[in-house]
Ligand SMILES: Nc1ncnc2c1ncn2[C@@H]1O[C@H](COP(=O)(O)OP(=O)(O)OP(=O)(O)O)[C@@H](O)[C@H]1O
């Protein structure tokens, strides 16, 4: 869904609603500041017409005091305007970040298959900062200048309607470049932000894979591609800058030419005696500050338009649809028994990924997993084992058939409630850049430290955590770079133990661990699997032997079901698989 430029302003205004008090204060400060500047013109007029006459000394003093007073007022007004507008800019960008993050967290997996993480990060950081500056600085300047322009025109009219007439004739001349070039600036601003997001995505991807990058000595290639990205940013920016410079220059030149012309007319009127020198001075003062304000607007309008481009992209993100299951829980009966027993029934399930809707990855699959049963899923790569996990957790919905938990169709269970029934131990467990303690506590954020330690002991993770430099408080480093494969698995098992969910989804690691580590992981798993319904994508002999039933999958269908011994005799596919694939 694309959002248009016109949607950005109403969105920003809606974000300002909670801060109306601050907006009002900023607006008052803004008006006061601009009006006190306009009042200065009257001071000039009095000064020129009367300040230089014989009786002028007292007038001169009074006017000077007045001007000083006005400067004080406009100074104070500037303080409040600057303070509150900047504050509003910070607030708005904070609110945008909050809203966008909340939205992005709920987006379906399909969205993340298509969108690069680095690009999203760039939206969070750079796009919101652009909006922050626009609201905090540029918008404030545009508003102040707009007030000055309107006030300036009114005061010019008061000083000399005839001269104002000339000014108004030439004003459209100045507006033409603002309109034409401004639109171009905005378009190219968006293009250059897109290129910035591209390089963000590239950095993100290559740095995540830094290990692979360095071991393949791929650095020169990455550097070259990155530089191409940087060049693309520069090229896009160059076009924007060219239009913007053209905009600023043409507005300035046209304005100064217009004022000179008007001054020339005015001087003639003074010579004819139809205008006093003070009136002409005041008029020119107003014309100058008005022109200055027009120039300011044209200059920062570029910034505002850049922000509007950034806003478009953020709005697009906010408009990406969230699955109705999450945003709208109507029609959900949430009838899960408490506690959940963990019986899973699949009946005639057919599923194809949305990106390949004609290729059934799961095809007419029926299976019942009894409460407390331990099922091992085996089968060749691409058989659909991981897809089963995705369906059980409802990251995707089957196109045909039904999946039930304790007899209730999954589509009738609130999504968060459903997912709370599963503990997932993935093949390559995620370790966060946080302490060992917090990494385990991820399974149940409200768990006490004692509970975390108990789970770690049961998962045989305690023994290596205690040896880390800072024990449970040791930071495990981004993606657990400081842990071995077996240690990462034991942390993940401790996390799942702590979560204590009725159903366990375990994707066993395929990589062989050393005997000692293997033994530890196996022991940890035995604790984890006690009294739970478990579905295990099995890669180890010990696992299949200990399973209640083994389900052999092939091309999305169930090929055979049985125990290890039964299948060795009955299924050629299983025998081959057991001989070649299982880690003994
Ligand atoms: N997000 C996706 N979009 C489209 N197709 C997908 C997606 N994920 C998996 N597939 C396809 O679905 C099929 C089944 O994949 P799945 O990951 O379930 O297999 P698997 O049995 O777990 O294999 P492995 O043991 O190699 O992990 C594969 O052909 C795969 O290409």
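Don't overthink the numbers, they just go from 1 along the chain as shown.
Including glycine, each Cβ sits where the backbone N, Cα and C put it.
Annotation comment: TrEMBL describes 23-44 (among others) as transmembrane segment.
Per TrEMBL, the feature domain 'ABC transmembrane type-1' maps to 24-306.
Sequence annotations record features per position, and here TrEMBL assigns transmembrane segment to 64-84 (among others). Here the transmembrane segment (64-84) has Cβ contacts under 8 Å with residues 22-23, 25-26, 28-30, 32-33, 36-37, 39-40, 43, 140, 144 of the same chain, all six or more residues outside its ends.
Sequence annotations record features per position, and here TrEMBL assigns transmembrane segment to 141-158 (among others).
What TrEMBL records for 164-182 (among others) is transmembrane segment.
The transmembrane segment feature in TrEMBL is assigned to 246-268 (among others). Away from its own ends, the transmembrane segment (246-268) comes close to residues 160, 163, 166-167, 170-171, 173-174, 177-178, 181-182, 185, 275, 280, 283-284, 287-288, 291, 294-295, 298-299, 301-302 of its chain (Cβ-Cβ under 8 Å, at least six residues beyond either end).
Taken from TrEMBL, the feature transmembrane segment applies to 280-301 (among others). Through the fold, the transmembrane segment (280-301) approaches residues 37-38, 40-42, 44-45, 48, 137-138, 141-142, 144-146, 148-149, 152-153, 155-156, 159-160, 163, 167, 174, 177-178, 182, 185, 247-248, 251-252, 255-256, 258-259, 262-263, 266-267, 269-270 of its own chain, all at least 6 residues removed from its boundaries and within a Cβ separation under 8 Å.
Per TrEMBL, domain 'ABC transporter' is recorded for 344-580. Summarised as a single figure, the pLDDT of the domain 'ABC transporter' (344-580) averages 88.
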